[in-house]
Amino acid sequence: MEGIGNEGYELPGFRFHPTEEELVGFYLKKKLEGQQFSLDIIGTLDLYKHDPWELPGLSYIHGEREWFFFVPRDTKSAVPRRSRLTKSGYWKATGSDKPVRNKMFHCIGLRKTLVFYRGKTPTGEKTDWIMKEYRMPDFCQAIK
């Protein structure tokens, strides 16, 4: 199924503003379980092959100042840490992972905030591009 952006659909009045709980507990969970969505809103993209200013045009949802993608994990690497280099710079994590909690305050996932730096690491120039990365680890009990 192609994404709504790829088919050129414009849905007047439609806004996609999921909460963190919805992103992790519904969209990401269903994607990891292999379930299909009736409307393909979030595309899959190897995000690190693109610079941040290219992402708006690659998103299925247009017109907002935030874009959503499922990013495949690098399963070839024995090291869980992935390279966050792009053609023009790199994404750098800021701070530690934060828990994403459901209404019962159970940890259902983790959020990492990253900032894009233009140039080579570690001397790149900080930009205003910010990314939030969500993931579902096997457990969240160790996260407070």
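Cβ from N, Cα, C; glycine included.
All TrEMBL annotations are machine predictions without curation.
Copied over from TrEMBL, here are the features:
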DOMAIN    10-144  domain 'NAC'
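Broken down by DSSP into helix, strand and coil, the domain 'NAC' (10-144) contains 23 helix, 41 strand, 71 coil.
In this model, the domain 'NAC' (10-144) carries an average pLDDT of 87.
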